[in-house]
Amino acid sequence: MGPTASGKTALAIDMATQYNCEIISVDSALIYRDMNIGSAKPSAEELEMAPHKLIDILDPSESYSAADFRRDALLAIEDIISRGKTPLLVGGTMMYFKALLEGLSPLPSADEAIRQQILAQAQTEGWEALHQELCNIDPVAGERIHPNDPQRLSRALEVYRISGKTMTELTQTKSAALPYDVVQFAIAPNDRKVLHELIAKRFNIMLEQGFIEEVARLKARDDLHLELPSMRCVGYRQCWQYLDNEFDHATMVEKATAATRQLAKRQLTWLRSWPDLQWLESGVEGNLVTLMRQSR
């Protein structure tokens with residue numbers, strides 16, 4: 001685990017190529033095909049050296065829930081173990097980790113028709129009005145979910161409209177926790193400034209690699225828009241808005257790196273309260289040895 005740009009992928013590939021491990025990606029951006037540069041997806045050469053499960057499994061027009069991830073990850077874990085290898089789960093989507101380790105409440109599957117109804121309502125009335133609707137239906141969820149978080153707000157309303165029960169009611173029970181022993185590590189720089197520098201450096205590299213052109217190709221499709229989970233991934237939204245001439249290139253870079261720093265902050269907030277977690281410092285020699293020694 002770890003915040004974005006902390007060096008998780010490089011360490012995981014080192015581990016997978018030197019030990020009897022196979023990687024399962026725990027990343028809500030890497031699941032999408034044709035989103036390679038902005039998601040910092042491992043290169044074709046890296047994937048050949050160390051294949052990753054749960055990468056490139058969806059089109060950007062599709063949605064994917066934590067429940068979907070848990071189902072697919074459990075199947076991947078069983079497959080890897082059956083071949084005598086050790087599953088190595090790597091990523092920064094903390095909700096996916098939480099769902100896998102602790103189990104999930106029995107929430108209804110996504111309903112695209114209802115989701116589109118909610119989106120249309122948001123476009124006419126605004127997300128603030130929908131947030132007030134949620135507060136009236138489910139005050140606990142309304143307090144927890146910010147009006148500027150359309151993905152979670154939409155899901156809470158969708159659950160209620162499908163089932164007639166609130167998210168709070170349905171989350172009182174959970175499925176069984178992960179039936180395996182898990183050793184958990186997090187990697188991050190000790191200094192926040194170093195992480196911010198890594199984020200800025202990586203985004204500049206993405207631009208050099210053709211990130212704007214990647215987003216332009218996605219934007220040229222007639223089935224993608226900014227309300228989709230794929231297009232809400234950090235960097236993609238800001239670059240899309242730049243291509244729409246909402247702001248200039250320098251502002252796009254500033255907004256994208258700021259959004260990435262906010263993502264890293266949220267990830268670190270999760271990790272600081274995560275139980276049974278062992279920490280590694282980014283860029284330190286010997287991390288792989290430490291990882292293997294403490295995993296035994």
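Don't overthink the numbers, they just go from 1 along the chain as shown.
Glycine is no exception: its Cβ is also placed from the backbone N, Cα and C atoms.
Taken from Swiss-Prot, the feature ATP binding site applies to G2, P3, T4, A5, S6, G7, K8, T9. Applying an 8 A CB threshold to same-chain residues 6+ apart, the list for S6 (ATP binding site) reads G92, I187, A188, P189, L195, L198, A264, S282.
Counting every protein chain shown, the number of other Cβ atoms lying within 10 Å of the Cβ of A5 (ATP binding site) is 26. Positions annotated as substrate binding site by Swiss-Prot: T4, A5, S6, G7, K8, T9.
As annotated by Swiss-Prot, region 'Interaction with substrate tRNA' applies to 27-30 (among others), with the evidence given as sequence analysis. Confidence annotation: the region 'Interaction with substrate tRNA' (27-30) carries a mean pLDDT of 98 in the model.
Per Swiss-Prot, the feature site 'Interaction with substrate tRNA' maps to T93 (among others). Around T93 (site 'Interaction with substrate tRNA'), the same-chain residues six or more apart in sequence whose CB sits under 8 Å from its CB are V26, D27, S28, F69, listed in sequence order.
Proximity of R115 (site 'Interaction with substrate tRNA') to non-local residues of its own chain (separation of 6 or more, Cβ distance below 8 Å) is seen for S63, S154, E158, given in sequence order. Sequence annotations record features per position, and here Swiss-Prot assigns site 'Interaction with substrate tRNA' to R115 (among others) based on sequence analysis.
The feature region 'Interaction with substrate tRNA' is assigned by Swiss-Prot to 151-155 (among others), with sequence analysis given as support.
What Swiss-Prot lists as region 'Interaction with substrate tRNA' is 232-237 (among others). Nonlocal intrachain contacts for the region 'Interaction with substrate tRNA' (232-237), taken as residues 6+ away from its ends with a CB within less than 8 angstroms of a stretch CB, comprise 4, 28-29, 32, 35, 38-39, 151, 203, 206, 211, 215, 218, 226, 256, 259-260, 263.
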What other residues of this chain sit with their CB within 8 A of the center of the CB atoms of G2, P3, T4, A5, S6, G7, K8, T9, the recorded ATP site?
G92, I187, A188, S282
CB-centroid shell, 8 A cutoff, substrate site T4, A5, S6, G7, K8, T9, site residues removed:
G2, P3, A10, A40, G92, I187, L198, S282
Run through the region 'Interaction with substrate tRNA' (151-155) and tell me, per DSSP, how many residues are helix, strand and coil.
5 helix, 0 strand, 0 coil
According to DSSP, which kind of secondary structure is S6 (ATP binding site) found in, if we only use helix, strand and coil?
coil
Where T93 (site 'Interaction with substrate tRNA') sits in the secondary structure, as DSSP reduces it to three classes:
coil
If you draw a 10 Å sphere around the Cβ of T4 (ATP binding site), how many other Cβ atoms fall inside it, taking every protein chain shown into account?
23
